[in-house]
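Reviewing the structure listed below.
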Amino acid sequence: MSKGTVALAMSGGVDSSVSAYILKERGYDVIGIYMDLWRDEREEYCNKSAAEDARRVAEKLDIPFHVINIEKKFKDNVIDYFIDEYLSGRTPNPCVACNRTIKFEAFFNAAKEFGADFMATGHYCKIEERNGRKVIVKAEDDKKDQTYMMYNLKQYQLERTIMPCGEYKKDYIREIAENIGLDVYNKKDSQEICFIPDNDHGGFIKRNYKSKVSEGNFVDKKGNIIGKHKGIIYYTIGQRKGLGIALGKPAYVIDINPITNEVVIGDEEDIFRTELIARDVNFIPFDKLEKSMELEAKVRYSAKPSKATIIPLENNKVKVVFQNKQRAITKGQSVVFYDKDMLVGGGIIEEIV
């Protein structure tokens, strides 16, 4: 007897491909869906290749396969946001934006239109029930854990979402793929932003919005001009390489001012801070933070969680006070909170205090 119908987001990669197999083995009826998100002349072949990989896997596993076009929604909510953030002197997190608006909104709604009871992805996270609520827990494979990008999810989404890969190590996922004859078993993991395969975000922005990128001044902490920069989109807090200025000592980006089009340069000690304000905060184990909590938090995907106090503010904001100084806290990035293995929530870094 079927456990229900699952619409699986298939990317053509090994994780979503093996997810299809696992779900079938568990007794679900699986529908494979590839999302056509973005293309230009440089990326079109890559998109076709990924879609064909997904289609071949679906045929091999004998599951229905569909391609849906979400280009406009992706452009409006991810591409435009990505570019606007860089032009505003912030460093965006497109994967967080994509999860919130595309994978767990647009795809979630598409799954319902296909008559699915659940949706599934190849993300490395676990969904459990604790104290009567669905929560997100760190993946079995700590090196592949993707909970940092999931803090925006709501209860209604978690109740209908399955993430099979979260329960396994990545090596085992590849082993399954090879054993069942999937030719994507050795396909490389994507390391870059999906719509910028060459990882040159500055070039991408300049190709699409050339008129908005202009040179400006490097200034020191006192406002003295110390050089010329090629456009604020090319810089982020804590950056040392590629500045193109020689000061006789290591120089770091410590602030970006989009109004004056200036990049502020300082010393390494200037990029270590302990406090920030985050906006658009979402919590998963509860609806609202009523009082301060002692948790762990991290300010980038690759960082280790560090002890911090999370203090509720008005307008869906929080203040985060770390016990130890954090390197290069960056406006536009996400700060994410944990209680041991459980994802508690997160928000967008708005201000560094």
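Just so it is clear, glycine is given a Cβ too, placed from its N, Cα and C backbone atoms.
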Notebook entry, point to check: Of GLY89, GLY115, GLY122, GLY132, which does Swiss-Prot put in the ATP site with ALA9, MET10, SER11, GLY12, GLY13, VAL14, ASP15, SER16, MET35?
Noted result: GLY122
Item checked: Separation of alpha carbons, ASP15 (ATP binding site) and HIS123 (site 'Interaction with tRNA') (Å) -> 7
Check: Among the disulfide-bonded residues CYS98, CYS194, which residue has the largest number of other Cβ atoms within 10 Å of its own Cβ?
Finding: CYS98
Next item on the list: According to DSSP, folded down to helix, strand and coil, what is MET35 (ATP binding site)?
Entry: strand
Check: Going along the chain, which residues six or more apart from ASP15 (ATP binding site) have their CB under 8 A from its CB?
Finding: GLY122, HIS123, TYR124, CYS165, ILE173
Margin query: Please give me the CB contact count at 10 A for HIS123 (site 'Interaction with tRNA'), counting all chains in the structure.
Written below: 26
Check: What's the CA-CA gap between GLN333 (site 'Interaction with tRNA') and GLY13 (ATP binding site) in angstrom, rounded?
Finding: 26
Checklist line | Assigned element (helix, strand, coil) containing ALA9 (ATP binding site), judged by DSSP | finding: strand
